[in-house]
Amino acid sequence: MSRSRTAVIGISALALAGGFLLSPSTATAAPTASNCVLSPGQSCTYATPGEQATVVVPAGVTSIVAVVTGAQGGTPLDNRGRPNGGKGGGGGQIVAQLTVQNGEQFKLYVGGRDPRVGYTKGGGGGTALAGQSGASGGGSSAILRGDRPLVVAGGGGGGGGRGNGPGSERSVGGIGGSGGEKAGSGSNGEGSFSEGTRRAKLLCYPGFGGGGGRSGSGTGVGGSGSVLSGAGGGGGGGYRHGGNGGSGGAGNLGCGAGGGGGAGDSFVGNGARPVAIGGVQDNGPGSIVLHANFTAQSFSCVRGESSWRVPGGVTEATAIVVGAEGGHPSDPSVSGHPGYGARVEGTLTVTPNTDVRVVVGCNGNSGSGYGEGAGGSRGIAFSSAADNGGGGGGASVVSDVNGTPLIVAGGGGGGGGGAGKYTYFNGTRNGGNGGSAGFGPGRAGAQGGQRGDADGGAGANAPRDRGGNGANGSRVPVVGSGGGGGGGGGYQHGGDGGHSPGSIGGGGGGGAGESYHDAGRVAGESYQPSAREGDGFIVIIHRTG
């Protein structure tokens, strides 16, 4: 699509009689507001949350590709206004193809991180008197045909507040759940007890995360408050079911952190064809992008390569490339969570009547994820198969006909295996989380895996595009040590595999893979960690004529 004909519209300005704000988008700067009239071949972005817009389909427009994104949940702030609680979960994102008619009206709602903004609202964060209050859930974004919802992208859950007792720097609030095909649940808060001391454990009780898509209505449920400890984050708004709020921490020292809120559910109704359903992290407010007289084609994991034939007359196309999630360890109840793959979007310069090569990364649940850059293998726990780590996720790639990469979205690292069978004196030992890709291009954009009892793998540190293998656990049969998570696949450097302790303990999570774009042939690029569970996907959007 031509960037010179793409505009960003402030929703509040649409209420003005006959007034539309529009501005040409560039690859280097955010567009400013100016007039945008939706017309054949035109793309308009609605990015100001809080008010309703009405779009009338003009003559000559017969189809619209819509990209609808819910708002991210809020993150609690410290007394200087800096984010330092549990991070808010990302919004759900839907790419859908709409068949439309001249004169048809659509209502648009753009979700915000404020609890009162969106098609359905996020729940407010819980209030803490001495600890940190939780943050609000994000509102959903939606397109309505008349008064009937057509596409709804759920909002992310709000982050939980920190505790307020001795050692509370370790009492981190739970992360809000992210929206997507399945609304994610918030994570539990943490307590600031010293490991292995029972007395400290009795003083701190972290709050539980709220369930994703569990509310009895589309509105997210507010987080639970707390007196001494951190409060829970609010649930995100959804279609029929918003997220539940996280619960507040407890304990007589006030050191328990609040749980994160769950995300709201998403929806595609009759009259819209779902092309891809996923989610994004760190997206901020929601947005809606409408492409008039465009079409969208999706590609999924087939453990091989596919191709897209560029139609005659098409010289530009937008590609949304999502890497695969890392694999879940054998026993998720005591193991680390896998990392998400990257989401990289950009406008490709293409040649009509030629082929574009496409490879979609597969998740690491089967041991190692297939991809152009494959994920590393899971680490094996010889003491118990339940303590195996997860494999790394494969990278997704769009290349030219010669196989030269144009966009690469790195895969997420596999979760580290726990040591759930062996409790001993210090309780069950959990594995580390896999790292997520997409924090930017190159090595700096890939996050390393978090440690369990062993070190996590570094992001984009493997010597080639395949992720490093997770380390195997101890071969001593009476010692419970979890396997490390495999590293995610990447462009030139996959993530390192997670390590495994030499004795009792959980394995480290795998690092994420490197992402990339060809600066000479890709414009308007953006990088984000996705919130897509399982396999990656690729969507290509282009004009129909």
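Every residue gets a Cβ built from N, Cα and C, even glycine.
Remember, predicted model here, so these are calculated numbers, not experimental data.
Feature list (source: TrEMBL):
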SIGNAL    1-29  signal peptide
REGION    72-93  region 'Disordered'
COMPBIAS  83-93  compositional bias 'Gly residues'
REGION    148-195  region 'Disordered'
COMPBIAS  153-166  compositional bias 'Gly residues'
COMPBIAS  173-189  compositional bias 'Gly residues'
COMPBIAS  435-459  compositional bias 'Gly residues'
REGION    435-535  region 'Disordered'
COMPBIAS  480-513  compositional bias 'Gly residues'
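Sorting the compositional bias 'Gly residues' (173-189) by DSSP state (H, G, I as helix; E, B as strand; all else coil) yields 0 helix, 0 strand, 17 coil.
In terms of DSSP helix, strand and coil, the region 'Disordered' (435-535) has 3 helix, 15 strand, 83 coil. Cβ atoms under 8 Å from those of the compositional bias 'Gly residues' (173-189) belong to residues 70, 73, 76, 85-93, 132, 134-135, 137, 153-163, 206-213, 230, 232-233, 235-236, 238, 241, 243, 246, 249, 256-266, 277-281, 531-533 of the same chain, restricted to positions at least 6 beyond its ends.
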